[in-house]
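Taken from TrEMBL, the feature active site, proton acceptor applies to 324. As annotated by TrEMBL, 3-phosphoshikimate binding site applies to 26, 27, 31, 171, 173, 324, 351. Marked as phosphoenolpyruvate binding site by TrEMBL: 26, 98, 126, 173, 355, 398. Residues annotated as domain 'Enolpyruvate transferase' in TrEMBL: 13-431. The annotation region 'Disordered' is assigned in TrEMBL to 1-22.
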Ligand code: S3P
């Protein structure tokens with residue numbers, strides 16, 4: 001079946017208002033399924049994000065012999081424990097998901113299986129050597145040896161050797177793949193992190209009963225160690241609302257005059273909320289209420305009201321805590337007074353698309369003055385954004401969502417060339433925004 005893109009445009013909208021929730025966190029959802037599969041007994045998951053990316057991970061663990069099924073509102077994974085996976089009889093298809101593919105490489109590395117991993121056109125372009133390099137040191141075999149992108153044929157082993165590995169890029173996916181492989185190795189594996197990245201894997205390992213140590217050194221580096229062979233037990237996991245999805249609603253509320261929106265129960269883990277900190281620094285009226293803990297994570301209700309914004313400098317060390325939010329931050333910056341300078345964005349080039357280039361191009365085509373300087377993106381804001389452009393989304397859900405938000409506050413509608421990919425992370429995006437009062441127009445092609 002050939003791929004049929006679904007274009008859509010968004011239009012200047014009245015005040016957005018309401019109180020709502022967004023679906024479960026994508027990072028935690030993938031991990032809940034994978035950790036459930038690696039544990040003994042049953043894991044029950046509530047609030048699992050039912051997006052294409054996560055549903056692909058559910059199919060993958062099922063194909064490996066740990067069935068993931070849904071009854072009423074609860075997902076259940078029948079775990080197989082360390083070394084208990086079965087040889088799948090189909091290729092493992094990760095669709096658009098880098099997280100699913102890279103974390104699963106760490107899982108498969110420690111199992112006596114030989115798998116073929118495939119993905120869509122976007123995922124098949126993304127670098128896998130960052131994960132394969134450390135996993136090969138541990139004993140994973142790449143059967144199509146010279147390949148560094150999907151499709152990949154991988155052979156795992158129950159005799160993984162532990163390593164000490166300093167992350168060459170600030171990537172939670174690489175950290176997680178090595179730690180998950182380390183859980184299956186003989187001895188202690190240590191990952192050294194120079195910049196903190198999202199820590200859901202560390203939290204979830206502990207939550208499932210594995211011991212893991214995190215030690216901050218005087219050199220600013222953190223050493224995260226896990227000893228292999230610890231059998232984890234199935235757990236009840238409650239997945240909190242995804243701050244990366246909520247970011248689009250928060251941005252829409254801050255940009256559309258008269259808006260007042262509350263998003264309930266959002267994950268506010270420090271390693272994930274750089275976008276919200278930046279919005280506050282820009283002058284946004286954004287407050288946290290009802291802070292509480294759920295399933296080992298902090299959550300809160302986030303209230304956002306329309307605000308006049310000013311440009312800010314976003315330091316490079318903040319990038320890992322808001323890596324997925326730069327496209328929407330750039331859209332917000334287009335409406336702020338003065339320049340917003342976002343530094344340290346090299347990793348944006350290897351996301352679902354080259355997000356640095358795609359974001360800059362989307363701004364430009366909508367009349368926004370923006371430029372890329374090395375790894376920095378500079379946006380010169382204005383209180384009047386013309387809009388009227390057609391944005392190329394390059395199979396990237398976050399580019400599509402970010403520019404649809406622009407259209408709610410720009411003078412002319414903003415059209416994106418495809419919205420199909422939104423279902424990979426946030427299938428409810430359009431419906432929830434409509435509920436708040438935002439306007440979309442389907443585009444006949
Ligand atoms: C994720 C880590 C980030 C992020 C991705 C989810 C995760 O990728 O962009 O959407 O769940 O570990 P990197 O680790 O490659 O930066």
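Glycine is no exception: its Cβ is also placed from the backbone N, Cα and C atoms.
Where TrEMBL records a feature, it is marked here on the structure.
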| residue | record | CB count, 10 Å |
| --- | --- | --- |
| 26 | 3-phosphoshikimate binding site | 24 |
| 27 | 3-phosphoshikimate binding site | 28 |
| 31 | 3-phosphoshikimate binding site | 25 |
| 98 | phosphoenolpyruvate binding site | 22 |
| 126 | phosphoenolpyruvate binding site | 20 |
| 171 | 3-phosphoshikimate binding site | 22 |
| 173 | 3-phosphoshikimate binding site | 23 |
| 324 | active site, proton acceptor | 24 |
| 355 | phosphoenolpyruvate binding site | 26 |
| 398 | phosphoenolpyruvate binding site | 28 |
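The subset of recorded positions (98, 126, 324, 355, 398) lying with their Cα within 10 Å of the Cα of residue 173 (3-phosphoshikimate binding site) consists of 98, given in sequence order.
By the rule that a residue counts when its Cβ sits under 6 Å from some atom of ligand 1, the recorded positions 27, 126, 171, 173, 324, 355 yield 27, 171, 173, 324.
Between the two most distant C-alpha atoms of the annotated phosphoenolpyruvate binders (26, 98, 126, 173, 355, 398) there are 19 Å. With a cut-off of 8 Å between CB atoms and residues at least 6 apart in sequence, the same chain places 98, 126, 323, 324, 396, 398 near residue 351 (3-phosphoshikimate binding site), listed in sequence order. Counting only the Cα atoms, the space from residue 31 (3-phosphoshikimate binding site) to residue 355 (phosphoenolpyruvate binding site) is about 24 angstrom. The DSSP breakdown of the region 'Disordered' (1-22) into helical (H, G, I), extended (E, B) and coil residues amounts to 0 helix, 8 strand, 14 coil. Nearest Cα neighbour of residue 355 (phosphoenolpyruvate binding site) among the listed binding-site residues (26, 27, 171): 171.
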